[in-house]
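Worksheet: one structure, shown below.
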Amino acid sequence: MDSNVIIEKSDGKKQQHRGGFSLITAIFFIIGELAGGGLLTLPHAISLASWFGIPIIFFAAICATISGFYLAKSWMILEDRYPEFRQGLTRKPFATIGSYAYGPYMGAFVSILMNVTNTCATTVFMLFTSDLLSQLTRSFIGYNICQWIPITSVLFLVPILFGSPIDFWPIAYMATLSTTIGSILLIISLAIQVQRHGFIHEYRIQNFESFASCFGIAFYAFGGAAAFPSFQNDMRDKNQFSKAVIFGFIGLLTLYIPVASFGYAAFGMNAATNILNNFESDNLLNIFIIIVRCCFLVHFSAVIPITINPVFLDLEELIRIPKEFTWKRLLFRTLMLLLMTFLGATFPNFGQILELIGGTTLTIMSFILPPMFYMKLCDNYEEKNDVYNYSLWLKIVFILLIITGTSGGIASTYGTLSRWEPLQSACYIAGSQNRTNN
């Protein structure tokens, strides 16, 4: 980690940056943030749309890559126009992009969306962690997911106290490596399952609502744009983040497609929200699945601080909590952890939260706002040049991206709400304590 690095700006001038992480680390942050939850749920997404789910996954990946690429370019426009953004930490860079594109109200809107999205996503990760702990300790502890939720919250109190991504960059490597190892072993386990029991031959779309919900899960699997500007803000050379987006999503597809395909081939319409819960007792498979669960447990332990950090930075800026560690940070983040614990106990069926945010806030943050911001910032840029401009063809691509993202999000939200069961599975309602996620 270099403390001072000279990089070349788009206008040819050179600028000295504070220390930050590299392109490779940024790629690991992207994969580490997104891979775990999306990986385990994509077989279920395919089960909702049958084999049409595979092109939906590719479609979501392409849309997310375009949006993430130009979101990174949007931040570089701000740095070129406003030198104050070239140095130091910007606590809420995504909202800042929105403010300079469309005004302070858009900035406030982005902040609200980001905070809701990442808080819900972190809650989903906590539920995944609780589910994994429940499965791993079933034979000797016997706690269900509802009993593990508060324990999981306590375990994450210390990791969420870090300042910004640059303070915990090594855990991005831990998150990505654990997911990669777990994915390889999961693919092997699914291949063994298919070899022993054959392919499931019942492949069909259940109904329109289920098909539409597939979009929400696919968008969720690639919807990490809310955290991207925070990652970019901590890089040595922020111009490189657009490359990190491309390589990061290529890495995600490399993990996603085999698991989604093999998972659906092995279990068909019965693929669970967490594919690991589909495996039955089998001595050989049990060994693999235990290791896979441990790998993903490590992944979620690492990714939770990454995902919730932009929320903390944004809200702490709003309520003027110092950037240095104080008792105010400890109190605020503890209260936020209690909020996520309550959300998790209210909706322990994490598939419902995942599909809902995938079709609503994540779609807006990751597929609709980035192209809007880039076009507006280019239009507002006083010095017209080839670096920050867009052609008619690119404008058409952006418009199609916004339309398809909006349509997919609306369809997914409709499909999810039509199957929604509010509070029926809440941990604090009588009779739900014995429930576990399948």
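Every residue gets a Cβ built from N, Cα and C, even glycine.
What TrEMBL says about this protein:
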TRANSMEM  21-42  transmembrane segment
DOMAIN    22-408  domain 'Amino acid transporter transmembrane'
TRANSMEM  48-72  transmembrane segment
TRANSMEM  105-128  transmembrane segment
TRANSMEM  140-162  transmembrane segment
TRANSMEM  171-190  transmembrane segment
TRANSMEM  210-232  transmembrane segment
TRANSMEM  244-267  transmembrane segment
TRANSMEM  287-309  transmembrane segment
TRANSMEM  330-350  transmembrane segment
TRANSMEM  356-375  transmembrane segment
TRANSMEM  387-411  transmembrane segment
Take the C-beta pairs under 8 A between the transmembrane segment (171-190) and each of 21-42, 48-72, 244-267, 387-411. Which stretch has the highest count?
21-42
Kindly say whether the transmembrane segment (21-42) and the transmembrane segment (140-162) touch, using the definition of 3 or more Cβ pairs under 8 Å where each pair is 6 or more positions apart.
no
Considering only Cβ pairs within less than 8 angstroms, which of the stretches 210-232, 244-267, 330-350 has the most against the transmembrane segment (387-411)?
210-232
How about the transmembrane segment (140-162) and the transmembrane segment (330-350): at least 3 CB pairs under 8 Å, pairs 6 or more apart in sequence, or not?
yes
Same-chain residues at least 6 beyond the ends of the transmembrane segment (210-232) whose Cβ lies under 8 Å from its Cβ atoms:
26, 29-30, 33-34, 37-39, 41-42, 44-46, 48-49, 52-53, 56-57, 59-61, 63-64, 67-68, 71-72, 75, 93-94, 96-97, 113-114, 117-118, 121, 164-165, 238, 241, 244-245, 249, 252, 256, 306-307, 309-310, 313, 354-359, 362-363, 365-367, 370, 405, 408-409, 411-416, 419
Can you tell me which recorded stretch out of 48-72, 105-128, 330-350 has the most Cβ pairs within less than 8 Å of the transmembrane segment (244-267)?
48-72
Are there residues at least 6 beyond the ends of the transmembrane segment (105-128) whose Cβ is under 8 Å from a Cβ of it, and what are they?
36-37, 40, 92, 94-99, 145, 149, 152-153, 156, 220, 223, 226-227, 274, 296, 300, 303-304, 307-308, 310-311, 314-315, 318, 336, 339-341, 343-344, 347-348, 350, 353-354, 356-357, 361-362, 364-365, 369, 437
